[in-house]
């Protein structure tokens, strides 16, 4: 089967990309690859392709293009390669100081150095550790607090149980941290970490106490609870159809495509034959810390731009991460040499039940109409060192897409002396503190609500003028709509019930007599706390507001810009939102910042119960009435539920009356 | 088995209550009962009982007491009856104008009158209806816009298909509305409803068009989608134990007790042997409309106080409303004569899966720890005329209680002339408009966090002072705690990430070194839009703020007061929050207002897909670490998931590797 323009990069294309670059490289240095992936086809061309596809017409040829980031010596290059015609389109050296994302293979080398380099060995010896305790390392991007051209890696160091490979990596942070050059592996300096109530640091001393906080079942000392199995079964098979990357389910059709940076993106989303969204994905995330003291002020991971959610994607386990009948998609990344590394099962797809969809009982007759809410989940889970993020796009039967993020994994920790506390962190163990931080995720929504001419609006709910002929009892309220004409952002306004919508002003809903639209529901949130003068703020403008709108341009995909590692400033939404262009009834792109300030609690350690955050993208006047009236009514012949058996505390079957009666 | 003080009222107790009152009544009028139910035991006595129960000591005797609301002629009475000793404690006539809740039996009589009373028949004849169309009625509480002593019922009238009993009741509202006295059944007046763009009304004219909007499968004209079964099975039975009203599950124990006003309340909630909450329930709800014109200004249902969520509770159907292995509890209400009316299966209880609970992958080894989030749901669904509300309390394995409300059913509708639109409503059909409105639900949380001396606090996240020695990079932020010392309310403050907590200042968490606590997570919301001068506002002060705190007193259970039907003012939180008392390190009660402004969309009609709103009550420093480390690790031998089969688009089993590897 010929490759679809949306299809992910193949092993052959990845190899071809690196081979062409290697063949084209002269001089003493070999390319050191850090990322290779497929680029999106140009939107204008792709729209023509999709329209031809729908009409069964001959398909236009769109060359498949990949990009490669690679180093020659310490200079980062970006190449664009036409892999259909096997030639390099462009290959440019980027300015000094621009760095690429971190490659797992390189980080592994540096991690090893952090406990073997003489400067580190010397420091470790000062600890005078017993045999059962060893030093482990988390290599981090250095972050930014000044102009810096070198690609630096900050190695955070911890103590763990040497006798078990799954001893908690993070419960005993050390107070020194070596910094290496990422490419040459040169030792640069030893940083010292404050562990008191202020910014002062101290020389390394022997450790005598090791109050580790363990989570692994072999080590955590817990007796297991009893849990009875709960099986999700689909005896007639699942209700979704997969053709290549294309999914069809309950009136939806869309393409789910893994990629190394975002985990996956979803393209060409249609519901009941009408277009909704051209492209939807998590596109960036930044996690700045609120501990003001060096070096923590530089702790600001850009987990997608600096690492990549696909590159760090978990290989999901059947029955562990996903329940029921599961389809998996795979991913692949490059290694240093430009060879593909296969990452199986990074995206899982499956149906699930989520309670009631709708119900009404006619109390006069007791007759009920009731349908259950079946959903279709697309999930990926990325492990970025300590943290895990499960990103779900959940489709339902009425045309709604629920964007859901579950943060879990392990808090990033700082050392603290026994007995002390600080106002910018929570003690989560005897000698370990978890600093306050924020998770600021950017979801990029390239809408196509009933077509490609869309407008972003927001509606406020306001009180009517009191004591008028119309409103003599002072109870009236109404909505007022505002239009986003130029790129920029929309202020939050929870107390006017402000809601953001994407509408098509050219398509009027015959029932409501208003333009068709989709609503983007997001609760009001505290945004970036780092002050405007800080690097953290300048590098991540997207995190200062909840709702951004820019005008579509090919290649503008990542909210903080293409190269985030050690970036000096925002080269993304911060710039694009300032352009003086028209975005009304045009091709706008929405960047929704799903943010949450994380004040850690002890319950979040040693491993964090998921914190769940959502954005709902839901029809708003897109349909003339409820589009799920065609969902079959719920009944127990279909659902096969059973009664709890009081006699045995077990289960007993019962036909069960269908669909409840009411008594009023 | 002897009755537990928390046990719900029995048939015998209900009959005994009414009998004692009837026997004690002299004069020409017979008691016309509208509500009989068990009262809560006095908290002081109950605490002693619970402590004795836990220690296996002799149990104190607490008399079981019921209350009855009944009319003698048009005067409302409230009686308190000791049903253990079979005597009336008190029986008082309430002041003129105080009304009781609506009784289904009475509403049914009035509903019949609305189409049979001569004044109504005359009006209906003016419509000149064809045979296949008939008039139906929704009897409503009259609401309030002045001093009114009579108990009045406003009958909203609609046209429906006479040939099918399930024709949508609400898609063709009529423009006249008879008002009756609720007790004497006297016809009071005919109101006329505006259907244009202002407050003007018109005399009744013939109808010639009947653009009904149908939802019932027999009538909606839809071809059904294909849906494959999704079965939830618990082959070893469920994991919860039921003993009377007491539930034990995954470390939790609590009593679930149906009642006629709230649907159900949950008492004496403990997790892993520690107390969390004394009593938790939905306690009131008001739904004011934003259409300023008479008579809609009086549309402000108090669905619990005016009707009762237990009295209007659906009899839930196995496999329809709840999936898996289900336990049901029943309810009972009185009829006019004081005889019990059995309402089976109004509360369902069952386990469910909700995705990941926690996960961490050690990227160096690829080894994962992963557990799935099993939940325990307690659900009731009430039908209050047009609307349905599904109220769920969902318990999880880390000590969190998720309060979840799903609004569904049918929008309340107003007539509108073809071709017109109004700024305070949405057209949902050719001649039907759904006015903007608000759903303001009050959840009462009587906390017992590690004991009965609790304090309500709130924490704000603030930026540190910039450019200091401590914060030279301007990235620092910290938390600041405020204490609720007196009754009152707490302002919302989403942009300081304000979070409400209930703490026990006498119990310090050894790890965090702060008082143990529970956090109440609620997103920021627009509160009551009706102006302070309006009756709607004066009657429902609770709806003006998100978070109220009062000092505990027996009998103070309902946010707007005991008698809400046609109330002139708030006799609940609005009063109790003004008392000058100490609530710090004392016995506070929290009233959390879960509010949402509902701007209807066409997709909400003719039956509304659920809109889901939640409050999360979650441990915050209650534990020294994650309390779910004892949950067994996820594995597919237990969960039995299967692979999607590409060849057949069906399913195929696979052992599946367990618990994913990672690749960074």
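Each residue's number is its place along the chain shown, starting with 1.
A Cβ is built for glycine as well, from the same backbone N, Cα and C atoms used for every other residue.
TrEMBL has this to say about the protein:
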{"type": "DOMAIN", "residues": "A:232-629", "note": "domain 'Copper amine oxidase catalytic'"}
{"type": "ACT_SITE", "residues": "A:303", "note": "active site, proton acceptor"}
{"type": "ACT_SITE", "residues": "A:387", "note": "active site, schiff-base intermediate with substrate"}
{"type": "MOD_RES", "residues": "A:387", "note": "2',4',5'-topaquinone"}
The residue listed as 'active site, schiff-base intermediate with substrate' has how many other Cβ neighbours within 10 Å of its own Cβ? 21
DSSP secondary structure for residue A:387 (active site, schiff-base intermediate with substrate), reduced to helix/strand/coil, please. strand
Within the same chain, the residues at least 6 apart in sequence whose Cβ is under 8 angstroms from that of residue A:303 (active site, proton acceptor) are A:285, A:286, A:287, A:309, A:312, A:382, A:384, A:387, A:389
Would you mind giving the whole-number mean pLDDT across the domain 'Copper amine oxidase catalytic' (A:232-629)? 97
Where does residue A:303 (active site, proton acceptor) sit in the DSSP three-state scheme? helix
